Amino acid sequence: MTPSLTALLCLASDVLPGTLPKPTIWAEPGSVIPWGSPVTIWCQGTLGAREFRLDKEGSSAPWDRQPPLEPRDKGKFSIPHMTQPYAGRYHCYYLSPTVWSERSDPLELVVTGVHSKPTLSALPSPVVTSGGNVTLRCSSWQGLDGFILTKEGEHKSSWTLDAQRRPYGQTQAVLSVGPMTPSHRWTLRCHGFNRDKPQVWSAPSDPLELLVPGEEVPPWIVPDERSVSDSEAWGPGREKGLHGRNQPLQPRAGLPPGVSGKPSLLTPQGPVVASGQSLTLQCRSDVGYDRFALSQEGGQALPQRPGRQPQAGLSQADFPLGPVTSTHGGRYRCYGGHSLSSAWSAPSDPLDVLVAGEEPAGRSGTQTLDSEKTETDSDEGPQGGPAESQFRTRGAGSPSPPFLSLGWFPDTPSLSVQPGPVVASGENVTLLCQSGSRTETFLLSKEGSARPPLRLRSKYRGRHIQAEFSMSPVTSAHSGTYRCYSSLSSNPYLLSNASAPLELVVSGEGPQPCPFRLSQLRALSPEMSEVVMNEGTQRGSREEDIQCP
């Protein structure tokens with residue numbers, strides 16, 4: 001071979017791929033990297049490599065070149081801070097010893113956090129009945145062209161979805177999954193992107209977990225032998241100061257007598273909480289669950305808490321919801337589960353939380369914001385921290401938030417009692433709740449009662465809108481402090497401020513006939529006759545019907 005031909009072949013071997021096996025390329029800690037985080041690209045070939053090169057699609061020259069690491073079969077390419085220019089498709093290849101290998105398969109390196117996070121929701125709810133389907137919706141106000149939906153956990157998977165344009169600049173994509181079974185444990189997130197930069201993603205959405213309640217407790221779970229009865233656990237019927245539909249626990253198939261797989265949901269604060277008051281919901285069960293989940297009808301969050309044992313035979317989790325706002329009003333249920341199983345219990349009976357005293361925006365009668373254009377996301381882009389959003393919305397098919405209602409919010413009602421605040425046992429009593437502004441429903445609550453407030457439709461009487469709550473006949477159990485509230489049908493869980501408290505006193509076993517006529521009392525005691533006459537006049541009684549004090 002002539003020297004000139006040898007030199008030409010050597011030159012060609014330095015620039016052209018040969019027949020060596022193509023290397024393997026991967027990224028650590030992964031190929032999807034948050035903005036500003038470090039990432040390392042590795043390229044592994046055969047032993048004895050002399051050099052590793054990395055190409056990025058769209059770049060004319062080799063993007064980087066590195067000497068091999070011992071034992072000379074691997075190259076390392078470091079990116080200390082991931083930013084948008086580093087996102088793209090990469091290939092690597094190596095020289096060993098005078099021939100270049102084939103190029104590796106492509107590596108897609110993605111940067112996240114460039115756009116604000118989208119919203120991921122489950123319709124109609126993240127709580128899915130066994131055998132049912134659920135629709136997943138990813139939406140954004142950033143005008144994104146597509147979404148990546150990822151399923152986390154042991155069996156990971158992902159879907160690339162084209163976005164659909166919605167009114168007012170919103171884009172969204174939907175995916176229907178099912179049928180669901182209690183053995184499914186799904187935790188999902190979504191990102192958004194634009195077609196011209198498919199490797200530049202938004203920040204991830206908040207995680208969404210789908211909950212599929214089961215009907216049976218896993219058979220290997222054996223409750224403590226000392227099971228606690230309903231009366232022992234909660235007091236006779238209901239524990240004082242705890243609000244919830246705490247019916248006696250019913251035995252279930254496959255469980256010891258007195259043990260129920262369905263938990264109970266309670267709140268120590270009572271059925272009505274004032275705006276700004278701290279609220280905690282308690283999920284309890286006589287089955288040894290080690291985790292609990294809480295759901296709100298129409299809501300998307302599905303918080304979970306580990307279970308604890310406040311006493312033998314009981315498990316419980318507390319869900320502190322913080323200072324109450326109008327968004328906390330609604331109907332809640334909770335579920336119990338075991339960490340060794342993806343199955344969940346049947347739901348608890350529903351618990352209604354009523355929020356009093358927070359007036360919605362737009363009280364002056366301004367028009368409500370359209371629910372399809374009232375949601376933005378916190379901006380979690382690379383250049384700064386979260387920015388406050390201007391509008392919020394809930395998923396399609398869920399009720400509008402209370403603060404987006406039309407019309408005037410009810411004013412504070414007044415509460416009065418007939419015939420008076422002090423009555424004898426056996427009498428008929430009427431509590432009258434009145435309002436001067438438009439309202440559709442009045443609610444009457446008794447302080448310290450675990451029962452939900454009484455509800456009556458309003459009626460127009462004279463210049464007032466009112467409702468009459470009749471108690472007939474009263475007993476000493478009716479004694480207590482009462483308050484009334486008003487509400488609109490568009491916001492059944494949002495109440496007006498409470499009326500001034502009214503204390504009702506029920507004494508004795510009932511009125512007794514007075515053994516003396518007034519003429520006799522006047523002769524015996526002028527002071528006593530005056531007391532009896534005043535009492536009778538207030539009640540509108542005839543002289544012969546006046547009762548003794």
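Here the Cβ of each residue, glycine as well, is placed from N, Cα and C on the backbone.
Quantities reported herein were computed from a predicted structural model and do not represent experimental measurements.
What TrEMBL records for this protein:
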{"type": "SIGNAL", "residues": "1-21", "note": "signal peptide"}
{"type": "REGION", "residues": "57-78", "note": "region 'Disordered'"}
{"type": "DOMAIN", "residues": "118-190", "note": "domain 'Ig-like'"}
{"type": "REGION", "residues": "219-271", "note": "region 'Disordered'"}
{"type": "REGION", "residues": "298-323", "note": "region 'Disordered'"}
{"type": "REGION", "residues": "359-407", "note": "region 'Disordered'"}
{"type": "DOMAIN", "residues": "413-507", "note": "domain 'Ig-like'"}
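Helix, strand and coil residue tallies for the domain 'Ig-like' (118-190), in that order: 3 helix, 40 strand, 30 coil [DSSP]. Outside the region 'Disordered' (57-78) by six or more residues, the chain places 38-51, 88-92, 94, 106 with a CB less than 8 A from a CB of the stretch. Across the domain 'Ig-like' (413-507), the prediction's mean pLDDT works out to 90. Residue counts of the domain 'Ig-like' (413-507) by helix, strand and coil are 3 helix, 52 strand, 40 coil (DSSP-based).
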